[in-house]
Amino acid sequence: RLPITKWLPHYSLLDLHGDVVAGITVALTVIPQGLALATLAGLPPQYGLYTAFMGSFMYTFFGSCKDLTIGPTAIMSIMTAEYVSHGGGPTYAILLTFLAGIIQVLMGVLNLGFIVEFISGPVISGFTSAAAITIASTQLKTLFGMRYKAEHFLDIIYKFFTSFNTMRLGDSLMGVLCVVLLLVVRHFKDVKFSPDSRLPCKARKMIETVWWTLATARNAIVVLFCAVLAWYLQTINIKPFDMTDDVQGGLPPFAVPEFSYNRFNPATNQTISLDFLGIVRELGAGIPIIALLSILESVAIAKAFAKGKSLDSTQEMIAIGICNIMGSFVSSYPSTGSFSRTAINHNSGVRTPMGGIFTGVTVILSLLFVAPYFTYIPKAALSAIIITAVIFMVHYQDIPGMWRTNKVDLLPFSATFIMSFVIGLEYGIIIGVVISLALLMYEHARPRVRISEKMTASGIPYIYVSPDRSVLFPSSMYTSQKITKALPDTSESCLRFIVVDGLHINSSDYTTALTLKTLSDTFSKQQVTLIYTNLKPSIVDSVRGARPSQFHHCKNEKELDALITACVSQWRGNGDGCTTDIVQDAPWSIQSAPNGAVNPQT
């Protein structure tokens with residue numbers, strides 16, 4: 001599974017030009033984003049750059065979507081912060097990356113991608129919206145230069161509104177101005193001249209290209225401007241901004257993740273040693289959740305940019321898994337596809353996944369030669385970059401759509417959204433998935449059953465029952481009750497036939513067979529004949545396997561008419577036109593059917 005072998009033999013200079021331009025353009029975006037997102041993850045800034053380059057390299061070899069860019073994202077950062085805050089620091093983040101990558105590769109190899117499909121759209125929408133708001137709230141502190149400590153969303157909001165006295169004027173002005181500037185430039189990024197403009201065509205295109213390039217690199221330009229301003233003010237001994245922590249230059253060591261950790265507990269003045277299993281217990285549900293979210297985010301973005309072409313989801317799982325496994329050897333925290341950077345990559349004219357090589361090389365060069373100067377970047381500028389990136393992830397526009405199409409979808413959406421704030425993002429999405437699956441099971445447990453009264457060609461009435469889907473164990477009892485209620489009171493009605501149309505029943509199970517056996521036995525005692533039509537051979541075998549006292553199956557209307565007519569002719573009238581007893585052999589009986597009767601196993 002090396003997709004690179006398909007396009008590399010045909011690689012051209014034209015491809016090289018497009019990939020170089022796109023790769024460097026993406027790097028100018030991921031460098032400031034990486035610094036900011038690492039801080040969001042609770043890690044030193046350089047870890048965002050470590051996360052940016054290895055994923056870019058690995059995806060070039062194993063990825064199948066030319067546009068997709070791998071690296072740090074806001075959601076992976078906030079999820080990582082949940083576990084870094086346990087006290088494990090980079091050790092926990094790196095091991096989390098390694099274990100999530102192992103799960104992703106195994107899922108790809110075992111073709112378990114269908115598991116991701118159980119995370120419904122409303123759950124994803126609710127989780128993403130809650131994550132975006134949570135991420136933005138964590139940046140308010142540094143955006144305004146405030147001083148407070150808070151761990152979860154509700155605590156953050158409370159501390160923010162009660163800590164205005166700690167607000168710094170310099171950080172506040174820079175943060176707000178950066179947010180406004182980034183939003184305005186983003187809004188007008190794709191603006192073009194009117195065709196009626198008096199400017200020459202070449203000049204118009206050149207200006208549009210220059211403006212688009214500047215707008216695309218707006219994060220890097222804002223960071224550069226703010227850093228230069230902060231540096232200049234420091235040279236004249238003015239320090240109005242809270243600055244970024246020192247960024248360690250150079251490449252990280254290539255090493256196997258640590259599988260044990262020594263943590264100092266200041267409360268007891270003791271050092272606690274945790275082995276691999278102890279760390280895994282603390283990471284808990286975070287390992288599979290981050291693995292699934294990483295796959296989900298990456299595959300969704302790749303499909304969005306596939307432009308109708310088939311996408312090998314299994315290959316994407318393996319690619320993301322390898323990116324994370326190899327990333328853990330260079331101190332990366334969990335990575336996945338980034339929608340904003342993928343869009344930039346696409347719009348920059350990337351031709352092949354080779355663009356990731358140039359992105360990774362540019363990031364490495366920044367670590368080697370520019371890292372010491374990152375300390376001049378004000379934290380407020382980095383917070384502005386994160387806030388302007390995540391506010392568009394709030395899917396408020398999905399709510400009217402769910403209201404119009406299926407109001408029930410608002411339940412898992414709301415539960416995921418609210419619980420993510422109350423008890424945490426990882427538990428919020430679990431609750432949303434559980435509710436979504438419960439609704440799905442309820443829907444399958446309550447098939448629509450159409451009931452009507454019909455007559456055979458010879459004028460004999462019967463009750464017609466048609467379930468709209470397969471009858472499995474969650475729905476077997478419900479369907480049985482529906483059929484039972486369809487039978488009128490025997491003392492007042494002469495209807496003695498119930499016909500179940502199995503046209504839409506594609507599968508059955510043992511519980512269903514037992515339920516139908518009980519139903520058949522009950523109707524037999526009430527001198528009512530239960531007849532099945534249009535059943536598939538496998539369903540016939542399933543029902544017969546439970547050995548009901550009576551079992552009739554007709555393949556078409558002609559057989560149904562013949563069976564009902566034959567049964568009526570064998571019954572003795574009781575004087576009011578109603579029928580009484582029925583002579584019927586069980587399918588396994590050695591007795592033969594009476595003369596003239598239609599074989600009930602037909």
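Start at 1 and count along the chain as shown; that gives each residue its number.
The backbone N, Cα and C atoms fix where each Cβ goes, glycine too.
Unlike curated records, TrEMBL annotations are generated automatically.
Pulled from TrEMBL:
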DOMAIN    16-414  domain 'SLC26A/SulP transporter'
TRANSMEM  20-40  transmembrane segment
TRANSMEM  47-64  transmembrane segment
TRANSMEM  92-116  transmembrane segment
TRANSMEM  123-140  transmembrane segment
TRANSMEM  169-188  transmembrane segment
TRANSMEM  209-233  transmembrane segment
TRANSMEM  283-305  transmembrane segment
TRANSMEM  317-334  transmembrane segment
TRANSMEM  354-373  transmembrane segment
TRANSMEM  380-397  transmembrane segment
TRANSMEM  417-442  transmembrane segment
Mean per-residue pLDDT computed across the domain 'SLC26A/SulP transporter' (16-414): 87
May I ask which of the stretches 47-64, 169-188, 317-334, 380-397 has the most CB pairs under 8 A with the transmembrane segment (209-233)? 169-188
If we call contact 3 or more Cβ pairs under 8 Å (sequence gap 6 or more), are the transmembrane segment (92-116) and the transmembrane segment (317-334) touching? yes
Rank 20-40, 317-334, 380-397 by Cβ pairs under 8 Å to the transmembrane segment (47-64) and hand me the top one. 317-334
The transmembrane segment (169-188): which same-chain residues, six or more beyond its ends, come within Cβ distance under 8 Å? 142-145, 214-215, 218-219, 222, 226, 240-242, 378-381, 383-385, 387-388
Distant-in-sequence neighbours of the transmembrane segment (380-397), which means Cβ under 8 A and at least six residues beyond its ends: 32-33, 35-37, 39-40, 74, 125, 128-129, 131-133, 135-136, 139-140, 142-145, 171-172, 174-175, 178-179, 182-183, 186, 219, 222-223, 226-227, 241-242, 244, 340
Near the transmembrane segment (123-140), which residues from the same chain, at least 6 beyond its ends, have a CB less than 8 A from one of its CBs? 40, 74-75, 77-79, 81, 146, 153, 156-157, 160, 296, 383, 386-387, 390-396, 398, 412-417, 420-421, 425, 428-429, 432-433, 436
How about the transmembrane segment (317-334) with the transmembrane segment (354-373) - do they touch, taking at least 3 C-beta pairs under 8 Å (6 or more apart in sequence) as contact? no
